[in-house]
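As given in TrEMBL:
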type     : residues                   : note
ACT_SITE : 55                         : active site, proton donor
BINDING  : 42, 43, 44, 45, 46, 47, 48 : substrate binding site
BINDING  : 53, 88, 91                 : Zn(2+) binding site
DOMAIN   : 1-129                      : domain 'CMP/dCMP-type deaminase'
Ligand code: THU
């Protein structure tokens, strides 16, 4: 899998960020097993808590189109920060539900990326099987 290409796609996604309050543009890209790439970016709101993060927008969009976790090959999340973007707690909780535990998650910045997964980012997650 070409992780650099997925990072590049996430940066393209970030160009559509609506971030008038933080000016912090985040991009996400999802690679699906049928080759489709889905973009997400952060969409902020004057009521700050109503903001939606880039990675959640991307994964929700995939699910809205009928894709499910078995269709997701990898997720990239990028931002112009050092050393790397780190998904917020709410995103980790959502990713724990909607991604397989070991699906590659690529965290990227301008010229560097690392590959991790939600099992590593949110160990011992509270998920449906816990109920
Ligand atoms: N943000 C994301 O979109 N994803 C992350 O992983 C971290 C934070 C957004 C939310 C908000 O629009 C801005 O970054 C600053 O917190």
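Easy rule for this one: first residue shown is 1, then count along the chain.
Just so it is clear, glycine is given a Cβ too, placed from its N, Cα and C backbone atoms.
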- Note on the structure: Checking the binding-site residues 43, 44, 88 against ligand 1, those whose Cβ falls under 6 Å of one of its atoms come out as 44, 88
- Query: Which of the listed binding-site residues (43, 46) has the least company, meaning the fewest other Cβ atoms within 10 Å of its Cβ?
  - Reply: 46
- Between the residue listed as 'active site, proton donor' and residue 91 (Zn(2+) binding site): CA-CA distance (Å): 7
- Message: From the DSSP assignment alone, can you count helix, strand and coil residues within the domain 'CMP/dCMP-type deaminase' (1-129)?
- Response: 45 helix, 33 strand, 51 coil
- Query: Given residue 44 (substrate binding site) and the residue listed as 'active site, proton donor', what distance in Å do their CA atoms have, once rounded to a whole number?
  - Reply: 13
- Query: Taking every residue in the domain 'CMP/dCMP-type deaminase' (1-129), what is their average pLDDT?
  - Reply: 97
- Message: Using the Cβ center of 53, 88, 91 as the Zn(2+) site position, which other residues in that chain lie within 8 Å, going by their Cβ?
- Response: 54, 55, 56, 87, 89, 90, 92, 94
- Message: Residues other than 42, 43, 44, 45, 46, 47, 48 within 8 Å, Cβ to Cβ centroid, of the substrate site?
- Response: 18, 21, 49, 50, 51, 52
